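Peer 1: To start, I am sharing the structure in question, which I have written as C-alpha cells.
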Amino acid sequence: MSVADVALSPIHRGSAFAVGGFGQSTTTHYSVKSVLVFLSVSGSTMPMLILESDSIAEVKLRIQTCNGFRVRRQKLVFSGRELARNASRVKDYGVTGGSVLHLVLKLYDPLLVTVITTCGKVFQFHVDRRRNVGYLKKRISKEGKGFPEVDDQEILFKGEKLDDNRIIDGICKDGNSVIHLLVKKSVEDTVKREEDTATGKDSLLEPVVLNPDVKLPEVLEDMIDRTVDGLNKGSPPVRSAEGTGGTYLMQDSSGLNYVSVFKPMDEEPMAVNNPQQLPVSSDGQGLKRGTRVGEGATREVAAYLLDHPKSGLRSVSKEVMGFAGVPPTAMVRSSHKVYNYPNGFSSCATKDAKVGSLQMFMKNNGSCEDIGPGAFPVEEVHKICVFDIRMANADRHAGNILTGKSEEGKTLLIPIDHGYCLPENFEDCTFEWLYWPQAKLPFSADTIDYINSLDSEQDIALLQLHGWNVPEAVSRTLRISTMLLKKGVERNLTPYQIGSVMCRETVNKDSAIEEIVREAHNSVLPASSEATFLEAVSVAMDRRLDELTK
C-alpha cells in the first residue's frame, strides 16, 4: 500500500477512548457534544475526542499535533462529503456526538526507480522520495539478484555521481517520478525486470469514441499511442499517492518518463472500486454537492474541451493548450492488473477494461502548496480565476495547481483535477485563490477580451458534439457562471469580488449566487421557459452586482 487509508469504524456507546489525543491512558465515555474519530493506520486504531464546536482546521491541527500527520496531507470525509471548509465547525457539516469521520492520509509518496546496469539489465522498484542514495544502494543490494554489495556500488544520474546522503526527491526536480540510475559494477546476466513488468500482453488502452464524426486531435492520439507503447513494453502503471481516488501514472516505452495520468470512473471517491476504502455513496452523490459518483472523468474531459485557446474555440483552434492551460485530456478504456480489482484480475484485457479519463502528464516543480502565492505572476493566477468561475469549480485548492516553467523560464501555473467542475448547483464552489493577493487586482485588457468571447450556448453544443448528454442542471450552471463572469468584468470587478459571489462564507450560509438563483426561481411561474428563468437571473444579478460597485 502506498497510502495510509483510514476508514474509521463505528464504535459502541460503552467503548473507551483516549481523551484529547492519541494513545493516552485516560478512559472516559463521550458526551453528546463529542465526536469520536477512530484512525486506522497500518493495522492499528487510535481514538481521538473532539468537540462539535471545533473547526475543521482545529481538528486537523489536533491530528497533526498528536500523531504528526501534516494538516495539508489530511482529508476528512463525513456522510459522503469532504469537510473542505477549514473555518467551518464540524457541527456545521452535521457531525454530532458519536458520528464517525473518515480520514485519508498520504503518508508514502513513492518514486519509481529504474536501475540500468553496465551490461544493460534493468530492474525497477519503488523508493520513498524522502530516502537518500545510501538507502537506495541497500535496496539494490538486497532486492537485486546478482547486484553488488553497497561498498562496490557507484550510482550516477545524468552523468553525476551521487553522494550517499543525497535525498532522492531532490535528484528529480521536474516532477517526473522515474529516476534513471547507472550501477557502475558488473552484474550477472540473470538480472531481469520484475515479472509483473515483463510483458504488456494482459493490458489494454484505447480511446472511447462517442461520436465517430469527431476526430481525435493529434496531440491526444500521440499521448494515447505513447501510453500504449509503454504498456506493451512492460512499463506498468504506477499508482499515485495523491488524491482520494484511484490515480495511475502511465509510463512510456523506456520506463523512464511519465506520459499520462489515468483515472478510472469506478475508482473515483466513493465509487464501488475506490482503492482508498472510502464508503460507497448511498445515493450516488459525489464528495462535492451537485456531482455524481462516476462522472468525474466526463468532467475532466469537459474541462479540457471548454478551455478554449485565445485564438478561438477548441473545436476549430489548432493550439494544444487553452487559455488556462488545462492539460490535454481524453476518455479511454484500459485494463491492467495494477488497477484496483477487488474480485481479482481475470487476465482478460477486454473483460476487465475500466473507462476513465487520460490526461497528459505535465512536468512540474511541485504544486502551489509548496510556494507562497506572492511569487505567482498575476496573469497566471487570473487565467485560473477565469476558468474556475466559469466552470463553477467545487474543488480548487493549492494542491491541484502545479507550478512549472515556460521555455523562456517564466513561472507557469498548471490547473489539474477537474472532476468536480460544472456541478448541478453552486453549493460547494471553493476557490483557494480568493485569499491570494493577485485576486484583488483587476483583469488585464487581454483577459477581458477573452472573457467577452465566451459563449455558454456554444460550449454546451461542443460538449454534446463530443458525446456528453449534458444534464439541464449542468447547462444552467454553465450559463449562469458565464453570465456572472461577463457581467463582473463589465463593472470592472476583480476576480476576488466575482469569486466571492460564488463561494459560501460558511457551510450553512448560502452564497450570493445561490440567493440570486433562488430569487429568480421565486419570481417566475413554474412552467416558465429556461430563457425566461435566465432573464430573471440576469435582473437579480444586475441588482446584486451593482451593489458591489456603489
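The backbone N, Cα and C atoms fix where each Cβ goes, and this holds for glycine too.
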Peer 1: If Swiss-Prot gives Ala241, Glu242, Gly243, Thr244, Gly245, Gly246, Thr247, Gln359, Met360, Phe361, Met362, Asp417 as binding ATP, which of Lys263, Lys337, Lys383 does it give for that site as well?
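Peer 2: Swiss-Prot names Lys263 for this ATP site.
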Peer 1: For the record in Swiss-Prot, which of the ranges 415-441, 442-468, 523-549 is the region 'Activation loop' one?
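Peer 2: Checked against Swiss-Prot: region 'Activation loop' maps to 415-441.
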Peer 1: When Swiss-Prot marks a stretch as region 'G-loop', which of 86-92, 149-155, 240-246, 485-491 is it?
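Peer 2: Region 'G-loop', as annotated by Swiss-Prot, spans 240-246.
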Peer 1: Pick from Gly243, Gly245: which of these binding-site residues has the biggest number of other Cβ atoms within 10 Å of its Cβ?
Peer 2: Gly245
Peer 1: Please work out the helix, strand and coil residue numbers for the region 'Catalytic loop' (392-400) from the DSSP assignment.
Peer 2: 3 helix, 1 strand, 5 coil
Peer 1: Over all pairs within Ala241, Glu242, Gly243, Thr244, Gly245, Gly246, Thr247, Lys263, Gln359, Met360, Phe361, Met362, Asp417, the annotated ATP binders, what is the largest Cα to Cα distance, rounded to whole Å?
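Peer 2: With Ala241, Glu242, Gly243, Thr244, Gly245, Gly246, Thr247, Lys263, Gln359, Met360, Phe361, Met362, Asp417 as the binding residues for ATP, the largest Cα distance is 20 Å.
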Peer 1: Which residue among the binding-site residues Thr247, Gln359 has the fewest other Cβ atoms within 10 Å of its Cβ, if you could check?
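Peer 2: Taking Thr247, Gln359 as the binding-site residues, the minimal 10 Å Cβ count falls on Thr247.
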Peer 1: How many of the residues that make up the region 'G-loop' (240-246) does DSSP mark as helix, as strand and as coil?
Peer 2: 0 helix, 0 strand, 7 coil
Peer 1: Are there any residues in the same chain, six or more apart in sequence, whose C-beta is under 8 angstroms from the C-beta of Asp417 (ATP binding site), and if so which?
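Peer 2: When sequence neighbours closer than 6 are ignored, Asp417 (ATP binding site) has Gly243, Asp395, Asn400 within Cβ distance under 8 Å.
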Peer 1: May I ask you to report the DSSP-based helix, strand or coil state of Gln359 (ATP binding site)?
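Peer 2: In three-state terms, Gln359 (ATP binding site) counts as strand.
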